[in-house]
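Features as listed in TrEMBL:
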type: DISULFID; residues: Cys27-Cys33; note: disulfide bond
type: DISULFID; residues: Cys348-Cys377; note: disulfide bond
type: DISULFID; residues: Cys427-Cys449; note: disulfide bond
type: TRANSMEM; residues: 533-554; note: transmembrane segment
type: DOMAIN; residues: 583-726; note: domain 'TIR'
Amino acid sequence: WQVWTIYMVLAANLSEQQELKQACPSCDAAQICNCSSMGLDFIPPGLTAKITVLNLAHNRIKHIRSQDLQQAVNLRALLLHSNEISSIDEDSFQSLTKLELLDLSNNSLTHLSPVWFGRLLSLQHLHLQGNLYRDLGESSPFSSLRNLSSLQLGNPQFSVIRRGNFEGIELLNKLWIDGRNLNQYEQGSLKLIKKINHMIINLRNSNIFSEIVRDLLHSVTWLEVREIKLAVETKSLVQNSTAPFRMQKLTLKDAFCTDQSLSRILVLLKNITSLRQLEAIDCVLAGKGEWNMEEIARSGQSLVETISIINVTIQNFHLFADLYGIESQVNKLKRLTIASSKVFMVSCSLAKHFSSLLYLDFNDNLLVNNRLNETICEGAWPSLQTLNLSQNSLKSLHETAKCISRLPRLTNLDISQNNFGDIPDACAWPKTLKYLNLSSTQIPKVTACIPQTLEVLDVSANNLKEFGLQLPFLKELYLTKNQLKTLPGAAPIPNLVVMSVRRNKLNSFSKEEFEGAQVGAVHLSLMECHRSLVVSLICILVFLVILILVAVGYKYHAVWYLRMTWAWLQAKRKPKRAPPKDICYDAFVSYSENDSNWVENIMVRELEQACPPFRLCLHKRDFVPGKWIVDNIIDSIEKSHKTLFVLSEHFVQSEWCKYELDFSHFRLFDENNDAAILVLLEPIQSQTIPKRFCKLRKIMNTKTYLEWPLEEEQQQMFWENLKRALKS
């Protein structure tokens with residue numbers, strides 16, 4: 001019956017399907033429907049329940065109508081970004097109860113209606129940024145979105161956030177607000193959200209910045225602020241708040257600050273005792289490093305453990321001070337990254353105070369050898385384990401190694417993308433060094449300068465023609481993009497596990513290159529020797545097991561029991577009875593198609609034209625198109641005062657009626673209520689009733705039922721009894 005139903009739906013909507021196929025060819029017989037960038041100015045008709053992903057981005061759609069998405073009941077992702085949508089009918093998304101992603105970004109919406117999202121109970125990701133609305137209304141548009149995980153909103157016109165705008169949201173993985181022109185923020189608005197893992201906000205108003213930080217101290221883990229122009233803040237960032245706080249990481253991106261504002265923010269951030277990471281990306285500092293060191297020192301020890309400074313522009317970097325006086329603030333720091341920021345030196349006196357630093361990244365800066373001698377002086381960076389000096393201006397590998405040898409605990413070193421050009425015969429390195437990256441350094445050969453303590457060596461992208469070093473502890477060797485004509489010998493690197501030799505000039509292999517255990521001494525498992533045969537046997541075995549299970553299941557109605565168990569579990573989760581206001585029908589009628597003439601032409605006419613008329617629910621007429629048959633049956637029974645079964649030999653043999661009876665069986669008879677009315681259209685032999693409907697057989701033996709009389713003079717009495725039963 002399901003195949004027949006689908007066939008009828010397809011036949012009825014054939015013209016719409018053809019129109020959909022013409023408008024968007026990729027939608028034909030596919031679950032993922034990609035209609036992006038096709039110049040559409042409307043949502044194409046003919047969308048069906050089989051579609052789970054619908055991409056309508058980058059079109060010219062202006063309006064979403066109620067019926068546009070009505071049949072797409074299994075939609076999981078709906079992408080409508082980069083259109084011209086300015087209006088949405090309030091019930092446009094009503095049938096999309098399974099929707100998990102809705103992207104309406106970069107359109108022309110001037111307001112947000114809570115009704116749009118009222119039925120989107122499965123929604124996890126909502127993108128609303130880049131529209132024209134100036135606020136979120138007086139209340140929360142998101143109050144029904146209990147499963148929301150990420151929310152993106154705001155635009156250049158967005159200017160007001162009110163208390164209550166985020167009511168209903170308790171937990172977000174990511175919140176992104178484009179509030180670059182935000183000028184009004186009601187204190188406490190974001191406090192309603194109990195937990196936010198990562199919040200991004202574009203914000204230029206520094207006064208609002210401090211208010212938002214105060215609201216987020218107990219909820220956000222990682223706060224990322226973009227486009228802020230930091231002012232000299234006077235009020236505390238933790239005003240009227242008590243520890244413990246949740247905020248652990250603060251990122252400033254595309255920010256602008258002066259010496260004075262930066263000094264002040266460093267002082268104020270110390271009050272956020274949970275803060276462990278500071279990050280500055282693509283920022284501009286208009287100053288010379290003349291920070292208020294006295295105030296910074298007086299405010300106490302910083303608890304921050306990780307600082308990342310990436311692509312920061314210091315307008316007068318050649319005049320920048322040596323940060324004398326900041327020493328007391330760095331001795332707890334564990335990880336420091338200053339990349340792509342034109343660093344050319346760190347003073348020796350400052351470097352000695354990084355007593356706890358384990359990781360240092362100076363990638364893509366202006367370090368040269370004579371300045372490196374000052375940066376890594378004797379006693380500097382005493383705990384350092386990992387050092388990245390890649391992509392600088394180092395020229396001498398000998399001098400570089402000499403400086404680095406002063407780091408007694410160093411294990412990982414990256415000096416790749418420095419133009420050494422030559423390699424000495426011997427170098428001094430830390431005795432603890434295990435990882436060395438010398439890729440892209442223009443060295444023409446390898447010598448004893450490479451330390452024997454290494455476990456990982458990368459000399460890719462050089463001019464090497466051979467590799468003959470003895471490295472007894474080496475486990476990984478990377479030789480990609482060189483000029484090698486032969487493989488390295490196996491004996492000098494006995495513990496090697498990984499070797500990469502891609503993009504070389506290998507053309508022959510010698511016996512020595514493959515020295516190892518003799519074939520006779522190697523014992524392989526059956527799986528290793530006959531992998532294909534073992535896999536084939538396993539597949540055949542699995543297939544036979546599945547075949548047996550299917551046969552047994554078919555014989556003993558396993559599928560029926562599974563489907564009924566699932567339906568029973570679903571029904572159990574719903575309320576026992578619908579509230580009176582939700583009752584739409586006097587009776588839901590369950591009957592066989594072979595009895596439709598009597599039901600539809602005799603019974604329906606008699607009952608629906610009575611005074612007062614009865615409201616009957618028939619599957620042909622009243623089931624919701626596109627809705628799953630199980631939900632239709634259960635919903636119809638729940639919304640009906642009674643359930644009327646028209647019993648006959650046809651009813652018992654009908655698959656359709658079996659399903660309706662199954663769900664009624666679980667929903668009605670399991671609750672022991674009196675909502676079932678049995679009408680016997682013709683005599684039924686008890687042995688014809690399937691044994692699995694034991695409760696129905698019992699009820700027919702114990703419960704009074706109405707029999708349809710063939711004599712006309714008795715039929716009037718039958719109708720009166722039936723109407724009386726329906727009213728009871």
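For all residues, glycine too, the Cβ spot is worked out from N, Cα and C.
Where the annotation comes from TrEMBL, it is an automatic prediction and has not been curated.
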| Out of Cys27, Cys33, Cys427, which of these disulfide-bonded residues is nearest Cys377 (disulfide bond) by C-alpha distance? | Cys427
| said: Return only the integer: C-alpha distance in Å from Cys33 (disulfide bond) to Cys348 (disulfide bond). | reply: 62
| remark: When pLDDT is averaged across the domain 'TIR' (583-726), the result is 77
| message | Roughly how many Å lie between the Cα atoms of Cys27 (disulfide bond) and Cys449 (disulfide bond), rounded to a whole value? | response | 63
| Given Cys427 (disulfide bond) and Cys348 (disulfide bond), what distance in Å do their CA atoms have, once rounded to a whole number? | 23
| field | Set of same-chain residues at least 6 away whose C-beta sits under 8 angstroms from Cys348 (disulfide bond) | value | Glu374, Thr375, Cys377, Ala380
